[in-house]
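Before any comments, here is the structure.
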Amino acid sequence: MSKKFIITWDAMQSYCRELAEKQMPAEQWKGIWAVSRGGLVPGAILARELGIRHVDTICISSYDHDHQRDMTVVKAPEGDGEGFLIVEDLVDSGDTARKLREMYPKAKLIAVCAKPAGVELLDDYVVDIAQDTWIEQPWDMSIQFVEPVNRKQK
């Protein structure tokens, strides 16, 4: 993918707060199931914003940084998802979201970001991303010094 969308820590916090506001009132939720690993940070932020203490994980493996591969369910909570928010950082192709819908038909599936191929599978999200754009999450990056332009020419 040639295009990149970079999400800073501040932006992630803001996006998650916006997503949390859409989930009010918080009392309707039994808990949050964060999809590992991308949904862990958004799940923690949502848990804080909504005052939810019951947080668990759904562990589905389908990516090796930038390459999609076969989907494997490593860990999954019991039940049909009723009363739970399932939190993802991104819905891309929709493959993981389809699997989550199959596993937990009564859960509310939400994500911070959505691409067109998977957006219809979500109940809520806050950021539209073009299908041909790669997202760089803040936990995948570091801040580093960049040489000023005028020094490069010497």
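The first residue you see is number 1, and the count goes up from there.
Just so you know, glycine gets a Cβ as well, placed from its N, Cα and C.
Positions annotated as 5-phospho-alpha-D-ribose 1-diphosphate binding site by Swiss-Prot: Arg37, Gly38, Arg69, Glu88, Asp89, Leu90, Val91, Asp92, Ser93, Gly94, Asp95, Thr96. If you draw a 10 Å sphere around the CB of Val91 (5-phospho-alpha-D-ribose 1-diphosphate binding site), it holds 29 other CB atoms from the protein chains shown.
Annotated GMP binding site per Swiss-Prot: Arg69, Asp92, Ser93, Gly94, Asp95, Thr96, Trp134, Ile135, in sequence order. In the structure as shown, the Cβ atom of Trp134 (GMP binding site) sits within 10 Å of 13 other Cβ atoms. Classification of Trp134 (GMP binding site) by DSSP places it within a strand.
The feature Mg(2+) binding site is assigned by Swiss-Prot to Asp89, with sequence analysis given as support. Under a cutoff of 8 A between CB atoms, and with a sequence separation of 6+ in the same chain, the neighbours of Asp89 (5-phospho-alpha-D-ribose 1-diphosphate binding site) are Gly38, Gly39, Val41, Pro42, Ala111, Val112, Cys113, Ile135, Gln137.
Within 10 Å of the C-beta of Ile135 (GMP binding site) we count 20 further C-beta atoms, all protein chains included. The guanine binding site feature in Swiss-Prot is assigned to Asp92, Ile135; the stated evidence is sequence analysis.
Feature annotation from Swiss-Prot assigns xanthine binding site to Asp92, Ile135.
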Roughly how many Å lie between the Cα atoms of Val91 (5-phospho-alpha-D-ribose 1-diphosphate binding site) and Trp134 (GMP binding site), rounded to a whole value?
12
May I ask you to report the DSSP-based helix, strand or coil state of Asp89 (5-phospho-alpha-D-ribose 1-diphosphate binding site)?
strand
Looking only at C-alpha atoms, tell me how far Ser93 (5-phospho-alpha-D-ribose 1-diphosphate binding site) is from Trp134 (GMP binding site), rounded to the nearest Å.
12
Cβ atoms within 10 Å, counted per site: which of Asp92, Asp95 has the most, among these binding-site residues?
Asp92
Taking the Cβ of Gly94 (GMP binding site) as the reference point, list residues of the same chain whose Cβ is under 8 angstroms away and which are at least six residues distant in sequence.
Ala117, Gly118, Glu120, Leu121
